[in-house]
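Undergrad: Below is the structure I would like to discuss, written out as structure tokens.
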Amino acid sequence: MTFRERILKWDIIGKTRTWFTMSSIIIVIGIAAMVVNTISFGSPLKFGIDFIGGTLINASFEKAPDEAVVSSILSANGYSNVTVQRAGEKGITMKVEASEIDPAVSGKIISDIVAKYGAVDVGTYEITSIAPVIGRDLLRRSSLALGLSLLFTLLYITIRFKFSFGLATILGMVHDIFVALGILAVFRVPLNAPFVGAFLAIITYSVQDGVVVMDRIREKLRYRAKEPFDKLANAAVTETWMRSFNTSFTTFLAVLVLFIMGGAPIRDFSTTLLVGIISGTYSSIYISTPLLVLWVQGREKAAALQKA
Amino acid sequence: MRSKVTASLILVIVVAIAAGVINYEGLIAKNTKLIPKLGLDLRGGVRIVLEAQDTESAKATNDAIDAAVVVIDKRVNALGVSEATVVREGVNSKRIMVELPGWTDPEAAKGIIGKTALLEFKTEDGKVVVNGSNLKSVQAALSQVQGSLGEPEISFELDAAGTTAFAAATQANVGKKITIYLDSQVLMSPTVDSAITDGKGVISGGFTTAEVSKDVLLLKSGSLPVKLVTLSEEVVGPSLGSTFVRRSALAAVIAFLLVVIWMFVMYRYLGLVSGIALIIYADILMAAYLVLHATLSLPAIGGAILSIGMAVDANCIIFERIREELGMKKTVKSAIGAGFSRAFRAVFDSNLTVLVGTAFLFYFGSGTVRGFSVTLALGVLASMFTAVFASHTLVDLLLTPAIARNSRKFLG
């Protein structure tokens with residue numbers, strides 16, 4: 001028996017409890033991490049300066065700067081809540097909290113260090129200085145965009161399929177959101193503006209993947225004889241399993257290459273994507289479809305009771 | 001059937017060639033109309049976001065903010081930054097975003113952009129007699145006066161109203177001082193010898209050439225009608241972005257090869273078809289970016305890579321379907337026909353769901369989110385086109401009788 005033939009024999013829907021338990025454990029760990037983070041750091045996720053404001057400077061100088069000396073230069077200028085870290089051969093990363101610095105004067109920090117360690121390499125330096133209000137706006141607008149696009153996705157699937165299909169897909173997506181946020185919370189990955197893009201990508205991917213599985217169930221329903229819905233749904237997911245795997249695997253490959261080669265600027269972004277691709281594929285097969293089965297079976301049972 | 005294949009084939013070839021020409025013009029011949037637009041995070045530069053604030057003397061009204069945008073635009077252009085953009089962040093937004101691609105000195109930029117540049121001539125009792133709006137012309141000049149010969153100074157000429165007011169004020173204040181302020185800082189404080197009636201004068205007093213040219217630039221572009229505070233500042237060194245662009249281009253090529261290899265392992269002959277379809281896809285997608293001047297930024301590249309996954313997905317759906325149909329002991333030809341037509345609905349619905357989502361993201365999202373939704377939407381459209389026209393046509397075309405007989409071997 002080939003691998004493909006073996007897949008068709010899998011009882012995915014029959015093991016619903018296993019999949020739900022697995023996902024619950026992952027989500028519970030994520031939520032626990034968020035709670036721990038909230039207690040020890042004050043917020044469930046590690047928001048970067050794009051969301052909470054502050055100043056981040058990455059710069060290389062002619063001479064290798066010393067962390068302690070840079071720290072003392074900064075504190076002499078009145079910035080005490082700073083993190084200073086060596087980066088590369090002659091580079092240094094400085095982070096100043098938003099409460100202490102006005103974006104209007106952030107450049108002054110650099111000039112003081114230039115005086116000590118020689119000219120800054122303008123080819124590779126980076127300054128990001130953001131007022132907290134901008135970060136809050138970004139968070140608010142992105143959440144609004146996200147919420148509305150979820151709502152209209154649900155509407156679209158309801159029109160093209162059925163409300164129950166849409167609901168199952170959206171719940172699968174909510175699952176992916178929690179898994180991704182949980183993992184970001186566990187590893188305390190700093191979230192910045194590009195993360196919004198990565199997050200949207202996860203959600204899109206999840207919907208796209210879910211719709212293909214739902215389409216197969218819809219098609220099977222059309223030719224349905226007397227077979228029970230769980231058997232039908234199981235056949236639909238096993239028949240589309242190989243496609244789901246191949247699609248995710250190829251996308252996974254593409255993002256993995258980006259993860260390895262893209263370097264630091266895109267690392268957190270691609271990590272989020274990798275988690276999302278795995279979770280998105282998994283949820284459309286192992287979460288959304290079983291949920292749909294539970295819903296439809298519940299309805300069918302209720303209908304049978306009414307008849308009796 | 002054959003004529004339909006020919007029609008699709010012609011369509012695919014025409015589109016692919018047109019896209020190819022656009023890509024050649026934009027990427028290799030560097031046609032200025034088609035040069036790819038890179039976001040600030042990729043090409044380097046300075047981005048500053050300012051917010052208008054109400055003060056006692058000036059409210060941040062819509063008109064005032066629009067006027068401020070015009071003033072800043074003049075100043076930025078005077079700096080000589082090519083392709084600088086100055087925009088309000090939304091129709092009723094109080095924020096103004098300034099982008100200076102390639103610029104590396106944020107302090108110099110802020111010194112020019114956010115300065116109110118309100119020029120005032122005040123008498124000793126604090127009365128404003130003339131202000132910046134009365135200026136007819138301003139120029140950098142060199143002192144002609146013995147003693148300070150050759151020192152940089154600012155020469156100015158007032159308009160008719162200003163000339164009258166200045167004449168009256170100098171007349172009334174002979175022997176007293178008239179102080180000239182720029183943003184409440186004293187530029188000079190000369191004593192009036194006699195009435196000045198021609199409305200001309202110079203401002204001097206030990207300025208450097210750089211100071212003079214900066215102040216002239218500010219005065220020429222007019223003063224800002226509203227107070228602006230800096231909300232954010234981002235500076236990206238130009239080599240950071242270009243390293244990333246080079247790396248991600250290489251990453252895209254490697255990713256493409258890996259995907260094609262995997263598709264070949266999984267679907268053999270059909271996998272190669274998807275390889276060709278992917279090339280056409282990338283060709284069309286790049287051309288669409290160039291024609292629509294989509295800004296390529298970090299999240300946008302994320303959207304693009306994700307759409308590669310979706311382009312492959314359309315092929316996976318179709319090929320799996322063909323396999324299944326073959327499993328039902330259909331002939332290769334009818335299996336392929338049925339595979340494409342049955343898979344089409346899944347491809348259509350999944351892609352359209354994504355399009356609906358991206359439309360909302362675009363409408364409600366801000367900069368980052370918009371960039372992502374544009375590239376993703378273009379990717380989805382391009383992938384639908386290639387899946388429906390290119391893949392199908394290629395499979396039909398390459399389906400020679402010899403292959404049809406050995407279907408199992410060739411289709412994996």
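Placement of Cβ uses the backbone N, Cα and C atoms for every residue, glycine included.
Residues or ranges marked as domain 'Protein translocase subunit SecDF P1' in TrEMBL: B:66-125. Residues or ranges marked as domain 'SecDF P1 head subdomain' in TrEMBL: B:127-226. Per TrEMBL, domain 'Protein export membrane protein SecD/SecF C-terminal' is recorded for B:229-396. Taken from TrEMBL, the feature transmembrane segment covers B:248-265, B:272-292, B:298-322, B:343-364, B:376-399.
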Undergrad: Quick one: DSSP breakdown of the domain 'Protein translocase subunit SecDF P1' (B:66-125) into helix, strand and coil?
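TA: For the domain 'Protein translocase subunit SecDF P1' (B:66-125), the helix, strand and coil counts are 22 helix, 16 strand, 22 coil.
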Undergrad: Residues of the same chain, at least six outside the transmembrane segment (B:272-292), with any C-beta under 8 angstroms of its C-beta?
TA: 12, 15-16, 18-20, 22-23, 25-27, 34-36, 256, 259-260, 263-264, 304, 307-308, 311-312, 315, 319, 374-375, 378-379, 381-383, 385-387, 390-391, 394-395, 398
Undergrad: Give the mean pLDDT for the domain 'Protein translocase subunit SecDF P1' (B:66-125) on the 0 to 100 scale.
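TA: Mean per-residue confidence for the domain 'Protein translocase subunit SecDF P1' (B:66-125): 82 out of 100.
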Undergrad: For the domain 'SecDF P1 head subdomain' (B:127-226), what does DSSP give as the number of helix, strand and coil residues?
TA: 29 helix, 34 strand, 37 coil
Undergrad: Excluding the flanking five residues on each side, which residues at least 6 beyond the ends of the transmembrane segment (B:343-364) place their CB within less than 8 Å of a CB in that stretch?
TA: 310, 313-314, 317-318, 320-321, 370, 372-374, 376-377, 380-381, 383-384, 387-388
